[in-house]
Structure formats: structure tokens, C-alpha cells
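Lifted from TrEMBL, the feature list:
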DOMAIN    41-289  domain 'G-protein coupled receptors family 1 profile'
TRANSMEM  26-49  transmembrane segment
TRANSMEM  61-82  transmembrane segment
TRANSMEM  102-120  transmembrane segment
TRANSMEM  140-158  transmembrane segment
TRANSMEM  197-225  transmembrane segment
TRANSMEM  237-260  transmembrane segment
TRANSMEM  272-291  transmembrane segment
């Protein structure tokens, strides 16, 4: 590579949220706790749905898959961060960093697409209830999930291949807890025009299109709910969407705050915002879907009754 300040990169340094040694035990305990809550909570959701026959419906099928994605999402980042804190190391290999970035984008996309599919499920259930069983057949649901898995692999693959063509400056310090796309682009000495083009064109389509689809679906859903004559029917219909709406608001509120702007404006402070969608949101999702859902509460009680540890 040309230039005296450029070198072949074999590893990056993940600086995390703080470089103060006294803060590391606290950060380790905090993120370990959040990771365990996220994994155990989402795993319980999957087991509860799988072991309860009357929850074998399209809505719960997609909730179970969302929980699986959330487990994978947090497992891509948090264990490596905890290992670095425990070993007093900040390094991650070049290959490991690009691999981590690939799976981060992949699971982020899957979250995004699954939320859109779940909105469509609620749209059919409320706006076309008589056609729900036929429309949301098991074969159709599996086809939707399979299509989502295929499509969501394209975007991270393109970014990973483009990232591998960049050269990086002597500084390999990433002010983040994981190999985040914008953080890596800001370290490059090469032109990142193609990378940003992919973010603006493909990224806008992949992330904004599902959000618009969710918004349009809920416009029709709310319109259908308002046409119901019974207040009890309105409340019941809205309650089936409330958990999904909370998860959507949490997910997109943090996601758009970070990524709907040029990579050049990305700062180390944004790493805190990315922690919200990468760690906090997957941790809260099981509570959101269980606390507001009587069927889920019942399934979890049945699953955990042999241990007598259900707190409700």
C-alpha cells in the first residue's frame, strides 16, 4: 500500500464503551447479565411455543423465529466482548472482524424482515379473518421464512466483499463493542464511495421498505379496528398487535437514529445507541411478548411449573 501511514491490517482493536480499567468489571457484569437474560428469555419463548400445541399458529411461529434470531444476534457480539474484558485484550482478527460484521448485518436484516412478516400476519388476521387460515398456511409461512433467509444473505455478503477490497490506515482502533459497519468505514484510507452507495441504495430498500410495509399494514389494521362496533372487540383486536408495535418502535427507533445518515458523521457516542438495538432490544423482546400475552404466560407457566420458579 502506498503511503507511510498505511499498513497491512491483521487485526483490529475493539475499544468497547470505556477504556478505564476500573470500569471493566462493571461492564463485564452488566453485559454478561444482559446476555444471559436475552438468551434464556428467548430460549424459553421458543420452548414454550414448541411445547404448547395451541400456540402452533403463524403468529407464534414467527415469534419463535424472531427469538432464535435475537439469540444469534447477541451471540455474535457479546461473548467476544466478554472474552476481551476477561483476558484484558482488545484484539479481534481481520477475518474475525469481517465475519462478525457479516452476521451482524444478516441477523439485523432478519429481525427487520420478520417484523414486516409479522405485521402482514396481523393484517390478514384482523382485516381478512375469514381467509386467515388459507392465506397463512404452514407451507406459505415456511416459504416466507425461507425467502427471507435467502434475501437477507445478499446484502451482508456484498458489504463484506466490498470491505475486503479496502485498505486501512495505521489506526485500527474501533470505538465500539463490535465490528460495526460505519466504524470500519471510518478507518479506511481507501475511497468508500461504493460502500456508501450500497448503504444508500440497497440499505434503504432492505431496511426502509419493510418499515413502510409495516406502516401501511397498520394503517389498514387501525382502520379495520375503528370500524368494529363493539369496544370489547376493538380492545381485543388492538391487544393482538400491541406487543408487536412496541417491539417495532424499539427496533426502528434506535436503528434509524444511527444509520439514516452518512457514515462520516458516525461518532464513538453512537456506539451507545447501537447497543440498544444489538443488546437491549433482544433482551426486552421476550418480556414484551410474554407480559402482554395471556397464552404465552400460560405456556411459560406450564413449561416452568416443574421448577416452581414462575414469578407471576
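The chain as shown is numbered from 1 upward.
Any Cβ shown, glycine's included, is placed from N, Cα and C.
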Query raised in the report: What average pLDDT is reported by the model for the domain 'G-protein coupled receptors family 1 profile' (41-289)?
Result: 85
Report summary line: The recorded stretch from 26-49, 102-120, 237-260 sharing the largest number of CB pairs under 8 A with the transmembrane segment (197-225) is 102-120
Report summary line: Contact count check, CB pairs under 8 angstroms to the transmembrane segment (272-291), set 102-120, 140-158, 237-260; argmax is 237-260
Query raised in the report: Near the transmembrane segment (102-120), which residues from the same chain, at least 6 beyond its ends, have a CB less than 8 A from one of its CBs?
Result: 59, 62-63, 65-66, 69-70, 72-73, 76-77, 144-145, 148-149, 151-153, 155-157, 159-160, 178-181, 206-207, 210-211, 213-214, 217-218, 244, 247-248, 251, 255, 277-278
